[in-house]
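Here is the structure we will look at, set down as structure tokens.
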Amino acid sequence: MGVALIVLAAGQGSRMNSELPKVLHPLAGAPLLAHGLRAGAALDPARIVVVTGHGAAAVEAATAQLAPEAICVRQTEQLGTGHAVAQTAQALAGFGGDALVLYGDTPFISPETLLAMQAARAAGADMVVLGFEAADPGRYGRLVTDGDALLRIVEAKDATPDELALDLCNSGVMMADAQVLLRLVAGLSNDNASREYYLTDTIAAGRAEGLRARVVVCPEAETLGINTRTELAAAEQAFQARARARALEDGVTLADPATTHFAVDTVIGRDATIGPQVVFGPGVTVESGAEIRAFSHLEGCHVSRGARVGPFARLRPGAELAENTHVGNFVEIKNATLAQGAKVNHLSYIGDAAIGEASNVGAGTITCNYDGVFKHRTEIGARSFIGSNTCLVAPVRVGDEAMTATGTVVTQDIPDGAMAVGRTRQENKPGFARKFMTMLRARKSAKGAQ
């Protein structure tokens with residue numbers, strides 16, 4: 001029957017000091033919630049249930065975008081993790097597989113770790129808990145074990161001195177048969193210091209029924225939870241450090257690794273070169289051999305082999321650069337395709353457009369794509385030349401091997417092989433400049449004498 005993924009995302013996150021629900025704060029270009037969903041996808045879940053609470057409407061809207069197949073259930077009162085899991089009973093009614101409990105504010109659990117938990121279940125453990133050896137166990141719940149058996153989980157505030165001396169700690173992540181887990185959480189008590197229903201108490205309850213519980217240990221860094229802006233900033237730094245190291249190992253040249261910023265889904269091919277101060281937003285693929293020069297910002301775009309971007313370029317969602325294209329300094333590309341060998345080298349905006357093979361777009365060219373209500377497309381054919389400071393008023397098409405004269409405002413289609421000229425004819429007035437400047441200086445002198 002597969003695995004049901006339960007993501008707990010109901011917490012208020014008051015220490016974030018924000019109107020935005022904690023799980024929607026961005027990390028590496030994606031909300032915290034997305035990271036747990038991304039890791040859980042490694043198990044190919046048959047069902048996804050997200051438990052919402054604080055800011056439920058916003059979290060549910062985000063969930064619909066991140067995982068349209070997910071079911072959202074609300075925890076109207078935040079009475080603990082066990083109570084949160086209990087809210088999934090209806091959504092998981094009749095589900096015959098395992099349930100994996102993850103947390104919307106714990107973004108670094110790796111797919112490999114979750115697969116190890118699944119392997120422990122397959123090896124005979126009825127319940128599997130993810131643990132870690134903490135450098136500073138202080139506030140974490142402790143895992144009390146006997147050999148390879150997990151006996152119970154004790155929250156720090158309820159632990160004895162001997163239990164507090166343990167350094168094997170609880171991450172909160174758990175896997176068990178879904179119906180067994182739901183039965184156990186339904187029987188929990190809130191007789192503890194916080195008057196909450198702890199998911200951790202299901203281990204002792206399960207052992208009382210003869211269930212076997214085991215621990216899978218992961219690096220402490222994977223269990224980092226986000227509760228404050230400081231922790232969020234630290235998590236961003238940790239993610240970027242890992243992403244930079246991975247890129248270098250994969251054969252990417254980073255001119256200044258410390259100033260390169262990746263998103264969680266950035267894909268960069270071997271032998272690509274990334275200059276200093278480059279920022280990758282979500283949804284970027286850069287193929288092998290491409291070059292991204294300094295101070296460029298990319299999101300939602302595809303850069304093909306041999307393409308060159310920047311410096312100081314911006315690629316927005318929908319930008320598609322074919323092989324050996326050039327996008328130069330202070331150029332913005334949005335929802336536009338550049339065919340092989342096309343060049344837009346200076347000071348231009350290209351939006352909602354298609355530029356043909358080997359065409360050249362001169363400095364200062366603008367596609368005027370927005371009429372105040374609707375967006376319109378511009379098409380430029382192959383091997384065409386767009387003169388500097390051209391305005392292309394969409395919808396409009398420039399044919400193959402066509403040209404525009406410098407400063408032209410194009411409002412009609414240009415046939416193949418034609419040149420468009422649309423500007424005021426220059427008129428020279430002999431001697432006018434000297435007369436005009438003499439007049440202005442006289443006015444200035446008269447004004448100063450007053």
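Sequential numbering from 1, following the chain as shown.
Using the three backbone atoms N, Cα and C, a Cβ is placed for every residue, glycine included.
Pulled from Swiss-Prot:
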- 1-229: region 'Pyrophosphorylase' (REGION)
- 8-11, Lys22, Gln75, 80-81, 103-105, Gly141, Glu155, Asn170, Asn227, Arg316, Lys334, Tyr349, Asn360: UDP-N-acetyl-alpha-D-glucosamine binding site (BINDING)
- Asp105, Asn227: Mg(2+) binding site (BINDING)
- 230-250: region 'Linker' (REGION)
- 251-450: region 'N-acetyltransferase' (REGION)
- His346: active site, proton acceptor (ACT_SITE)
- Ala363, Asn369, Tyr370, Ser388, Thr406, Arg423: acetyl-CoA binding site (BINDING)
If we take the Cα of Gly11 (UDP-N-acetyl-alpha-D-glucosamine binding site) and draw a 10 Å sphere, the recorded positions of Asp105, His346, Ala363, Asn369, Tyr370, Arg423 inside it are Asp105
Residues with Cβ closer than 8 Å to the Cβ of Ser388 (acetyl-CoA binding site), same chain and 6+ apart in sequence? Gly362, Ala363, Gly364, Thr365, Thr406, Gly407
Binding-site residues: Asp105, Glu155 - member with fewest neighbouring CB atoms within 10 Å: Glu155
Pairwise Cα distance for Asp105 (Mg(2+) binding site)/Arg316 (UDP-N-acetyl-alpha-D-glucosamine binding site) [Å, integer]: 28
Would you mind listing, in sequence order, the residues at least six apart from His346 (active site, proton acceptor) in the same chain with a Cβ closer than 8 Å to its Cβ? Gly328, Asn329, Phe330, Val331, Gly362, Ala363, Gly364
In sequence order, what residues of the same chain, 6+ apart, have a Cβ less than 8 Å from the Cβ of Gly80 (UDP-N-acetyl-alpha-D-glucosamine binding site)? Asn190, Ser194, Glu196, Tyr197, Tyr198, Leu199
Taking DSSP helix as H, G and I and strand as E and B, the region 'Linker' (230-250) has 20 helix, 0 strand, 1 coil
Here the 10 Å Cβ neighbour count for Arg316 (UDP-N-acetyl-alpha-D-glucosamine binding site) comes out at 17
Measuring CA to CA, name the entry from the binding-site residues Asn227, Tyr370, Arg423 that ends up nearest Asn360 (UDP-N-acetyl-alpha-D-glucosamine binding site). Arg423
Quick one: average pLDDT across the region 'Linker' (230-250), no decimals. 97
